[in-house]
Amino acid sequence: MATPASFHHPASPQPAIPGAAAAAVAACAAMAVSYVAVLYAPTALLRLPPPTSLHVFLHRRFLCAAFSSSASLLATASLLRVWSIGDSSVVLAVFGIRRDHLLQAVAIPLLLTSLVYAGSFVARLWLLANSCGGGYEEPEIGWAQRLAHRIRASVGDVMVWRNCVVAPITEELVFRACMVPLLLCGGFKIYNIIFLSPVFFSLGVQLGYTVIFGWYAVFLFTRTGNIVSPIVAHIFCNIMGLPVFSSPQKRGVASVAFLAGSLSFFWLLFPATSPKLYNSRIDQCSCWHGYCRWS
């Protein structure tokens, strides 16, 4: 595969060495398959007894997912030969792991993604208003206590950890932080990577909505150059589920909100992800994620 120095000049779109494109595709496919296969390692390979509870089952999968993502990071670093880079921060930046502009990388993609869920917010606010006006009250328990109780319950809920911590972080590290640099160094153009990378994600997870989200996640990653952006969007989408297009109670309002939010999302998609918001300078940059090519 290509060395870091060979990709420092984004004007060259061709693979650095013959066969780099095929090697990048093969490596991405292997990572996608191994991400799923390793989840079955405790019983199939390690011969551990079947899990006795959901907690044990998911805890094993958490460890397997952490191992798989770590192995993918090491394999990508080896293929790209980033060991030759002396600065550790530059090495981490290859995978989009950066501390600079962190607030922008979290807040702006979160607000942008929430626009698609305008209909969902309307539906949930309607349900909340009905529950508050239905005569059911808990005067002995304040809202702060109820919030603290929900937080404690969430911290102890293994499904919350799966949907909001383990899955978003490990999946984005493997399917975005590792695969995008590999495909870039394989000579693929940015737009091709946006549409190609989620195909590997569908091999590891499932088709349909995950592919659409994959396009968006790769877009965020290449525009911001920070892996935190797709991770935050991934967590938010896992919490919200599928967007609400209409509501039986307030069908018209929810539909209008969804339409307005979606139009606002597409209108702000490029301005809100402008590379200048997430990088101090983009001229003569040696980025791995291609944000210097979007000027």
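All positions are counted from 1 along the displayed chain.
The backbone N, Cα and C atoms fix where each Cβ goes, and this holds for glycine too.
Note on the transmembrane segment (20-41): residues 1-2, 61, 64-65, 67-69, 71-72, 75-76, 79, 170-171, 174-175, 178-179, 182-183, 185-188, 197, 200-201, 203-205 of its chain, located 6 or more positions outside it, place their CB under 8 angstroms from a CB of the stretch. Marked as transmembrane segment by TrEMBL: 20-41 (among others).
For 62-83 (among others), the entry in TrEMBL reads transmembrane segment.
Same-chain residues lying 6+ beyond the ends of the transmembrane segment (103-127) with a Cβ under 8 Å from its Cβ atoms: 216, 220, 224, 226, 228-230, 232-233, 236-237, 240-241, 243-247, 249-250, 253-255, 257-258, 260-262, 264-265, 268-269, 272-273, 277-278. Look at TrEMBL and you will find 103-127 (among others) tagged as transmembrane segment.
The domain 'CAAX prenyl protease 2/Lysostaphin resistance protein A-like' annotation in TrEMBL covers 159-240.
What TrEMBL lists as transmembrane segment is 199-221 (among others).
Look at TrEMBL and you will find 227-245 (among others) tagged as transmembrane segment. Same-chain residues lying 6+ beyond the ends of the transmembrane segment (227-245) with a Cβ under 8 Å from its Cβ atoms: 95-98, 102, 105-106, 108-110, 113-114, 116-117, 119-120, 122-123, 163-165, 167-169, 171-173, 176-177, 209, 213, 216-218, 220-221, 254-255, 258, 278.
As annotated by TrEMBL, transmembrane segment applies to 252-270 (among others).
In the domain 'CAAX prenyl protease 2/Lysostaphin resistance protein A-like' (159-240), helix, strand and coil residues by DSSP number 71 helix, 0 strand, 11 coil. Looking just at the domain 'CAAX prenyl protease 2/Lysostaphin resistance protein A-like' (159-240), the mean pLDDT is 88.
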